[in-house]
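Taken from TrEMBL as is:
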TRANSMEM  B:12-29  transmembrane segment
TRANSMEM  B:41-62  transmembrane segment
TRANSMEM  B:82-106  transmembrane segment
TRANSMEM  B:118-135  transmembrane segment
TRANSMEM  B:147-165  transmembrane segment
TRANSMEM  B:190-207  transmembrane segment
TRANSMEM  B:219-240  transmembrane segment
TRANSMEM  B:270-294  transmembrane segment
TRANSMEM  B:306-324  transmembrane segment
TRANSMEM  B:336-356  transmembrane segment
């Protein structure tokens with residue numbers, strides 16, 4: 001009997017004890033939806049955060065509360081921000097993490113370190129570099145029915161679907177690419193283009209931990225096709241007939257359905273590195289006002305025109321990447337894996353621009369929509 | 001010794017060993033092996049599995065000569081009463097140390113990943129209560145519970161498989177980057193994560209059936225653990241790059257943390273919850289082992305009475321190491337102890353039992 005009471009009291013104690021220390025009620029937490037980092041003119045770090053707030057009342061109105069604070073490090077600026085805000089600001093549910101271009105051109109790892117260290121941060125938040133000051137984007141507040149955080153999230157999700165950036169594009173995926181000595185990465189570049197509008201203008205190329213260049217929209221799509229990580233709605237327009245560039249009849253819009261890719265890194269005895277990069281794009285014509293797709297000869301000609309065009313453009317993309325020293329294809333990773341003795345002799349940020357790419361893109365229009 | 005009531009089947013024995021083997025080590029294993037063996041880390045796990053098979057064979061050969069005794073009874077039969085007691089005392093100490101190691105590692109992971117502000121004792125009390133309750137029962141009761149919870153291991157493996165969402169196979173090459181010497185060397189670290197097969201020394205007499213069947217069951221258990229460890233290490237090696245593996249202390253949890261799982265923002269918390277069950281079971285096995293040791297030291301036939309003492313011992317000691325350097329010291333100590341009690345002593349007992357021609361009385 002006595003023993004029973006002892007056990008019961010022990011268990012009832014346990015019912016009350018656990019949770020007391022780490023209790024953190026969701027209903028009391030003030031969730032940050034969107035936040036950004038900028039460099040101030042004094043060189044310090046400025047954080048801006050949009051905190052979602054539900055106004056009590058009959059119609060529960062949602063408003064975003066926006067705050068900025070300056071600090072020495074990422075977490076320091078969070079602490080400074082918390083001094084100004086009411087309640088418990090929490091980063092459990094961040095949707096998007098923005099970095100101003102002024103910070104991105106220097107080492108971004110110190111900004112991200114705390115996100116990987118703290119188990120309670122949202123590592124699956126999408127990332128973007130802001131062309132200009134990140135803080136300015138918060139002024140949009142609301143676009144249509146979307147609040148700024150959600151709006152940016154959706155815009156970046158579309159960028160993944162359109163292959164501007166490979167999926168997943170999250171804080172976490174950046175972590176793994178950033179630390180790999182044999183691979184560089186890209187982060188989408190967004191710009192405030194209107195009163196209520198943000199546009200993904202391209203991607204920021206990184207080498208090591210800093211931004212070293214940019215690719216514009218179409219080039220980014222081409223890069224993703226070449227690297228074989230493309231989205232569901234990869235489509236673009238190209239002018240395939242000579243004549244007036246303002247006449248839509250001179251254009252074709254194709255949607256890429258499949259990419260067959262060959263990527264081979266070979267080394268020569270003298271240490272030179274050759275990369276064979278062949279991409280076979282299977283596409284359908286989404287829009288083609290000339291309606292000539294029943295003629296096999298004309299399709300072949302179209303294929304050839306597009307292939308040549310895209311091959312030339314790809315070469316430009318790769319040139320641009322090499323100038324930025326951005327090894328986003330992971331040539332270095334291939335060397336580490338399959339030619340380790342060559343890799344050891346290389347100083348990659350100097351030797352990567354010397355790599356010779358042999359690029360070829362083949363377009364094959366497989367079919368069409370309802371019309372020929 | 002074996003009563004009808006407390007006997008278990010070979011399948012139950014296999015699950016008993018699997019549940020005890022799968023423990024705290026696996027979470028940090030990929031980082032540890034990668035540090036030494038680089039891309040060949042998964043081979044180290046396989047090598048370590050083979051070593052464990054050999055050790056299981058040695059233990060089995062010993063237990064076969066004394067089919068109705070636990071290791072405590074064997075040592076007093078071989079070494080005599082006094083020396084036997086000394087060995088048994090050491091064995092009990094070893095089991096308590098491993099119990100402490102399990103508890104400390106468990107609370108450490110929980111404190112860092114899930115409950116940063118909860119004091120260690122509170123986390124451990126949960127473990128202690130469940131552990132006492134489990135270990136007090138007879139072996140059949142424990143085995144049944146182990147069988148019941150073993151489906152959780154499949155869930156854990158399923159969650160680890162989820163890590164495949166974003167992998168790069170080139171990360172595992174070159175496999176021999178560190179050289180075969182280091183790959184073999186790294187298997188030593190894997191060995192730490194494999195503790196638990198020594199339960200064979202204690203539960204063998206309770207298992208029904210022929211000795212060959214028991215060996216098969218133990219082999220199968222270790223094979224399962226080795227393969228699932230290899231799988232886990234392999235996924236981590238292709239999901240993280242070398243620099244990440246150097247930084248991340250528990251790659252297995254990090255692997256699951258990376259992406260949302262449908263509605264779940266932090267799948268790693270689900271993993272920890274399921275994993276906690278297998279850890280409590282592991283601890284319960286060691287509590288049982290230590291309590292049996294105490295019982296034999298004090299000449300008592302019933303281990304249940306001694307469970308609270310053994311657990312209390314573990315609990316108090318596990319509150320001591322507070323810093324990570326203390327943890328490292330503890331794990332080093334456990335490693336050295338394991339060589340003595342898992343490699344050395346069973347082999348010595350086996351050799352001595354042949355040399356002294358000692359066998360259990362009444363069996364041919």
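Any Cβ shown, glycine's included, is placed from N, Cα and C.
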Stretch of maximal Cβ-Cβ contact with the transmembrane segment (B:219-240) [cut-off: under 8 Å; candidates B:82-106, B:147-165, B:190-207, B:270-294, B:306-324]: B:147-165
Contacting positions for the transmembrane segment (B:12-29) when only residues 6+ beyond its ends and CB under 8 Å are counted: 45, 101-102, 105-106, 109, 140, 142-144, 146-147, 149-150, 153, 156, 189-190, 192-197, 199-200, 203, 207, 214, 217-218, 220-222, 224-225, 228-229, 232-233, 249-253, 275, 278-279, 281-282, 285-286
Stretch among B:82-106, B:190-207, B:270-294, B:306-324 sharing the most Cβ pairs under 8 Å with the transmembrane segment (B:41-62): B:190-207
Contact ranking winner - B:82-106, B:118-135, B:147-165, B:270-294, B:306-324 against the transmembrane segment (B:336-356), Cβ under 8 Å: B:82-106
Per Cβ pairs under 8 Å, the stretch of B:82-106, B:147-165, B:190-207, B:306-324 packing most closely against the transmembrane segment (B:270-294): B:82-106
Long-range environment of the transmembrane segment (B:190-207) - Cβ separation under 8 angstroms, sequence gap at least 6: 1-2, 6-10, 12-13, 16-17, 19-26, 29, 32-33, 44-45, 47-49, 51-52, 55-56, 59-60, 62-63, 66-71, 98, 139-140, 143, 214, 217-218, 221-222, 225-226, 229, 282, 285, 288-289, 292, 331, 334-335, 338, 341-342, 346
Candidate ranges B:82-106, B:147-165, B:306-324 - greatest C-beta contact count to the transmembrane segment (B:118-135) (under 8 angstroms): B:306-324
